[in-house]
């Protein structure tokens, strides 16, 4: 299809498509810049990356957290993937597998980052789990793993009752946003903790170049998180229902003109529109995500 025509069709299909495209572009840009900043931090100000029990092994922790647990969780996997209009042609089952697969990959990144931290602490005789950063961070990883297991069991196992999927959906979405926000907060605590303990001469309070550089990284992470949460909470950018996606997008004389985002079901927070409220009861018109 002609790229210009494809863009026009997407603009007609999604309400405020240009605003969505701007927000998505901003999130991707800020996310990539954050990854570049964390790599610059560990390679220029620190000792690079290695797996030797030293500081270079610890450096895997911020790199994998920013790359996997923040960027991948936010822009690529759970939070945004259902809202990309380019994916609306994919079946809902396919989107579920993509959603789950990317979340599993993000979890692997987080798990490796934790192994790097514990191995570094043990090698350097540093106590584990003594700071608020470590408490909140471990809690976020545990909650993320629980969210992942429950999501797979409830939404990918065919025998799960429809009413259970519908009942769990609000909690599933809230938990995803809560965990993502917790990871952002944990990253900021970790950055501050590392600068306070790591900078000696000059110290953190003297604002050396490394402190300024890494503080900017923290600001970028906050901006990225804010954009992702904005995209994730806009009702007009939800994935439309399967019924709407399958219907011919004609407007009288055959021109494309339907605003599918306005036909999403408010019961389905992801906008998949698989349930309908009729006569005070939920009737399943497809598989609830």
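Cβ coordinates come from backbone N, Cα and C, glycine included.
Copied from TrEMBL, the annotated features are:
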- 267-289: compositional bias 'Basic and acidic residues' (COMPBIAS)
- 26-233: domain 'Cytochrome b561' (DOMAIN)
- 241-289: region 'Disordered' (REGION)
- 20-43: transmembrane segment (TRANSMEM)
- 63-85: transmembrane segment (TRANSMEM)
- 97-118: transmembrane segment (TRANSMEM)
- 138-159: transmembrane segment (TRANSMEM)
- 171-191: transmembrane segment (TRANSMEM)
- 211-232: transmembrane segment (TRANSMEM)
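Long-range contacts of the transmembrane segment (63-85) within its own chain (CB-CB distance under 8 A, at least 6 residues past either end) are made by residues 10, 13-14, 17, 20, 24, 27-28, 31-32, 34-35, 38-39, 42, 49, 95, 98-99, 102-103, 105-106, 108-110, 112-113, 116, 144, 176-177, 180, 183-184, 187, 190, 217, 221, 224-225, 228, 231-232, 237-239, 270-272, 289.
Beyond the ends of the transmembrane segment (138-159), by six or more residues, the same chain brings 69, 96-97, 100, 103-104, 106-107, 110-111, 114, 129, 165, 168, 172, 175-176, 178-179, 182-183, 186, 288-289 to within a C-beta distance below 8 angstroms of the stretch. The average pLDDT computed over the domain 'Cytochrome b561' (26-233) stands at 92.
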